[in-house]
Amino acid sequence: MGNDEPDASTAETDGETAETDGETGDNSAVGIDYAARAADVLGFSRWWQIAAAAGMMAAVSPYQYVWSSISPALSEGLDIALPALGAVFSFYVVFQSLSQFPAGKWRDSRGPGALTFLAAVLAGGGYIGLAYATSLWQLYLLYSLGAVGVGIVYTVAVNTAVKWFPDRTGLTTGVGTMAFAAGSALVVPYVRANATVAAYSDVLRNIGIGILVVTLVGSFLLRDPPEDWLDRKDGDDDDEGLAASIRGRNYSTREMLSTWQFWLLYAMFIAMASADLLVIANVVRFAENFGLAALIATLSATLLPVAAGVSRLILGEATDRFDRKRVMAGSFLLAGLFRIGLVGAGEASNGAVFVAFVLGAMFFSSPLYVFFPSLLADYYGAANSSGNYAVLYTAKVGGGVFSGVVAGYLVASTGWNATFVLGGGLAVAAGLATFVLRPPSGSGLESPEASRERPN
């Protein structure tokens with residue numbers, strides 16, 4: 001009774017306090033038991049919503065994290081130069097990012113069901129179609145259509161966590177985004193083992209079928225909470241540990257855009273997405289550039305999403321318990337330093353250190369997809385979180401262009417080392433910019449350094 005673990009018996013917890021997931025301190029602080037409220041609405045634990053969202057995120061993750069492994073086989077099989085294929089990844093980032101605003105607005109007003117059904121068709125069909133593509137324009141079209149499906153899944157999954165867990169946004173967005181990164185780790189060895197002209201069509205088709213099935217199942221499970229479920233009890237105005245949707249006003253997208261904090265966050269997102277995607281899209285070719293063994297490239301590509309995923313869970317939970325901005329700043333600064341160190345490891349031809357620095361670089365940059373939605377909910381509220389975060393997420397377009405087209409130009413003109421050092425510099429700049437952030441007026445945060453300390 002009162003257990004907020006994924007068990008149907010949680011439906012009987014109405015009015016009782018959830019204790020086993022560490023929420024007792026948070027709920028008692030505001031007099032609201034969100035676990036019991038959710039169980040009353042759903043008929044089962046709200047963690048099942050996170051499980052469904054995480055499953056869908058893992059399913060669509062190959063679009064982002066497997067590209068560096070399949071692009072060489074596509075290049076050889078279709079006789080397309082690798083620089084031309086670099087634009088495929090840029091198109092993916094553009095469409096995945098820009099699709100989130102209309103998808104988020106739809107979801108905020110009409111719910112996630114029909115939207116995620118469409119995402120299953122687009123994302124699954126896109127990968128299946130790649131197996132039959134015969135020209136570059138078909139790759140552009142299919143990967144872009146699939147990217148729209150990925151964008152829908154992403155905004156639905158992240159904001160499912162924000163809507164159902166106003167008391168645990170860091171941890172629960174971390175679970176979903178961890179799945180988006182780590183889920184592909186199960187696929188990369190399979191892809192690398194079959195990344196030949198003869199075998200890659202079957203690989204693409206099988207991955208596409210998996211995406212379709214998992215996302216379809218998720219579309220029938222996800223629901224949104226009722227509009228009034230965050231209503232507070234009287235006398236609970238002194239809590240600083242929950243999002244602005246509970247403590248203060250909920251900003252509309254137009255209101256959010258009128259604040260300087262949003263535009264600083266936007267610039268920081270561009271910088272971090274550029275640094276993050278630069279490694280994701282190019283780690284195999286970067287390793288090969290130094291003449292490192294094929295095993296080093298495979299290990300880097302396989303372990304990269306694992307590091308990215310684990311970090312989102314660990315650092316997401318850290319931002320729930322400690323000062324969110326300080327965790328964010330430290331993470332971004334270390335992400336930049338590891339990228340610069342990665343160049344040194346490659347120059348020294350030290351494969352073990354190279355892999356370790358890839359893991360460090362991704363461990364500290366990848367949580368950007370946890371930090372930003374959580375901080376956005378702190379500052380602007382959760383009621384319009386899907387649409388608001390979708391607008392911020394369009395900054396990833398800049399990162400996609402940098403990691404694909406711009407990186408290709410920089411590599412050709414200045415070399416790999418200068419390109420990766422620039423990526424590290426962008427991450428350091430984002431980390432320093434974090435110290436300038438202040439909550440907007442009306443957010444409900446009492447001071448610029450409002451405490452994020454959580455009870456254990």
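Just so you know, glycine gets a Cβ as well, placed from its N, Cα and C.
If you look up TrEMBL, you'll see 1-24 marked as compositional bias 'Acidic residues'. According to TrEMBL, the feature domain 'Major facilitator superfamily (MFS) profile' maps to 260-456. Positions annotated as region 'Disordered' by TrEMBL: 1-26. Annotation comment: TrEMBL describes 47-65, 77-95, 115-134, 140-158, 170-191, 203-222, 263-284, 290-315, 327-346, 352-377, 389-412, 418-437 as transmembrane segment.
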Revision key, fill the gap. Residues outside the transmembrane segment (203-222) whose C-beta sits under 8 Å from one of its C-beta atoms, at least 6 past its ends, are 48-49, 52-53, 55-56, 58-60, 62, 66, 70, 112-117, 119-121, 123-131, 149, 153, 156, 160, 187, 190-191, 194-195
Revision key, fill the gap. Counting Cβ pairs closer than 8 Å to the transmembrane segment (140-158), the top stretch among 115-134, 290-315, 352-377 is 115-134
**Study point:** Leading contact stretch, 115-134, 263-284, 352-377, 418-437 vs the transmembrane segment (170-191) - CB distance under 8 Å
**Key:** 352-377
Check your understanding: Short question: which residues 6 or more past the ends of the transmembrane segment (263-284) have a Cβ under 8 Å from it?
Key -> 64-65, 67-69, 72, 86, 89, 93, 297, 300-301, 304, 332, 335-336, 339, 342, 358, 361-362, 365-366, 368, 372, 375-376, 392-393, 395-396, 398-400, 402-404, 407, 419-420, 423-424, 426-427, 429-430, 433-434, 436-437
Check your understanding: Do the transmembrane segment (389-412) and the transmembrane segment (77-95) share at least 3 Cβ pairs closer than 8 Å, excluding pairs fewer than 6 residues apart in sequence?
Key -> yes
Check your understanding: Would the transmembrane segment (418-437) count as touching the transmembrane segment (290-315), if touching means at least three Cβ pairs under 8 Å and pairs must be 6 or more apart in sequence?
Key -> no
Check your understanding: By Cβ distance under 8 Å, which residues at least 6 away from the ends of the transmembrane segment (290-315) in the same chain are close to it?
Key -> 61, 65, 68-69, 171, 173-175, 177-185, 188-189, 192, 279-280, 283-284, 327, 331, 346-347, 349, 351, 354-355, 358-360, 362-364, 366-367, 369-371
